[in-house]
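Copied over from TrEMBL:
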type: SIGNAL; residues: 1-21; note: signal peptide
type: SITE; residues: ARG61; note: site 'Transition state stabilizer'
type: ACT_SITE; residues: HIS65; note: active site, proton acceptor
type: BINDING; residues: VAL69, GLY71, ASP73, GLU84; note: Ca(2+) 1 binding site
type: BINDING; residues: PRO156; note: substrate binding site
type: BINDING; residues: HIS186; note: heme b binding site
type: BINDING; residues: THR187, ASP243, ASP251; note: Ca(2+) 2 binding site
Amino acid sequence: MQAAALMVVLAVLSLAGSGSAQLRYGFYKGRCNSSDVEAVVQSIVKARFAREASIVAYLLRLQFHECAVNGCDGGLLIDGPGTEKTAGPNLSVKGYDLIAAIKSELEKRCPGVVSCSDIEILAARDAVALAGGPAYAVRNGRRDRRRSLASDVRLPGADYTAAQTAAYFSRLGMSPFETVALLGAHTVGGTHCSAIKNSRLYRYGGKAGATDPSMDPAVASVYKRYLCPNVSSSDGNAVFLDDQWSAVKVDNHYYKKLQLRRGVLQCDQNLYSDGSTRGIVDQLAGNNGTFLSAFGQVLVKLSEVNVLTGAQGEIRKVCNKFN
């Protein structure tokens, strides 16, 4: 997942006790005529995954960017000038078309029933399971917020220290362990050379020609020679955050890369360089089952940040504009 996908807003949000308490399992049972809402979402996601496995990374990133700003409320989906979608960190977010397709199908079956914010969470959940991740259950009943402002979007860069990262995610109610588990979404992610050329390859610490000493020199050499040469034309070249053979699998290989000093983003490698989080990386690298369990739990926790429920907000007719 791209770097910013796993970062969440500095200025936000505690877990919303009253809102999340009103979410429940099986919320849509019997509410969509004869249709099973979760089965409809799963079917459409499965069809997309079959032809485009990268949809997993897109949907995970979409969930992070969504829930990071004012909570999991559908604000990122809104089109128009000055909306969250137009903020710099969101310009490369993908997956909107799949959310729209799911919404369109559900509107045919039961108009005005299923929120766009619930669709986002369900779609990400189903994509994770299709990629070998945990098949976790989520509670539903979110409603869509009538707010979407680019000025609300504050996403940190990819150079955070482990302490900065832990402090940042603590504002979302995440423990250090949950933070490191959440960053495991980079197991299916990617970024671009522009995210690492100055910070890690050519101007580490602001010094011309300096390479980050925490990066395996052999890996740095490959990046500099082949993938991210020091010319502007390489800025947009894609870089997998996990090894390419594992980049469409939800597994713990990402942590094993950190142990080998082969993390791509500085914020990732810093998790292993710092003694306060190194043990957590080792724990998750050592047992894929432990990672999968933790990853599912932390995604559920993220999905319930500052939600609207009951009579709050609205159920949009289409996801890219307010009613």
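Backbone N, Cα and C define each Cβ position, glycine as well.
This view paints the features noted in TrEMBL onto the structure.
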residue: ARG61; record: site 'Transition state stabilizer'; CB count, 10 Å: 26
residue: HIS65; record: active site, proton acceptor; CB count, 10 Å: 26
residue: VAL69; record: Ca(2+) 1 binding site; CB count, 10 Å: 29
residue: GLY71; record: Ca(2+) 1 binding site; CB count, 10 Å: 26
residue: ASP73; record: Ca(2+) 1 binding site; CB count, 10 Å: 29
residue: GLU84; record: Ca(2+) 1 binding site; CB count, 10 Å: 26
residue: HIS186; record: heme b binding site; CB count, 10 Å: 29
residue: THR187; record: Ca(2+) 2 binding site; CB count, 10 Å: 29
residue: ASP243; record: Ca(2+) 2 binding site; CB count, 10 Å: 14
residue: ASP251; record: Ca(2+) 2 binding site; CB count, 10 Å: 19
(request) Out of the recorded positions ARG61, HIS65, GLY71, ASP73, give me the one sitting nearest to THR187 (Ca(2+) 2 binding site) by CA distance. (result) ARG61
(request) Specify the nearest of the recorded positions ARG61, ASP243, ASP251 to VAL69 (Ca(2+) 1 binding site), where nearness means the distance between Cα atoms. (result) ARG61
(message) Of GLU84, HIS186, ASP243, ASP251, which is closest to ARG61 (site 'Transition state stabilizer') if I measure between C-alpha atoms? They're all binding-site residues.
(response) HIS186
(request) Could you state the whole-number distance in Å separating the C-alpha atoms of the residue listed as 'heme b binding site' and ASP243 (Ca(2+) 2 binding site)? (result) 11
(message) Considering Cα atoms only, can you say which of HIS65, GLY71, ASP73, GLU84 is the nearest neighbour of ASP251 (Ca(2+) 2 binding site) among these recorded positions?
(response) HIS65
(message) Cα-Cα, whole number of Å: ASP243 (Ca(2+) 2 binding site) versus GLU84 (Ca(2+) 1 binding site)?
(response) 31
(request) Within the same chain, and leaving aside THR187, ASP243, ASP251, name every residue whose CB is within 8 angstroms of the centroid of the CB atoms belonging to the recorded Ca(2+) 2 site, in sequence order. (result) VAL188, ASP242, SER246, ALA247, LYS249, VAL250, ASN252, HIS253, TYR254, LYS256, LYS257
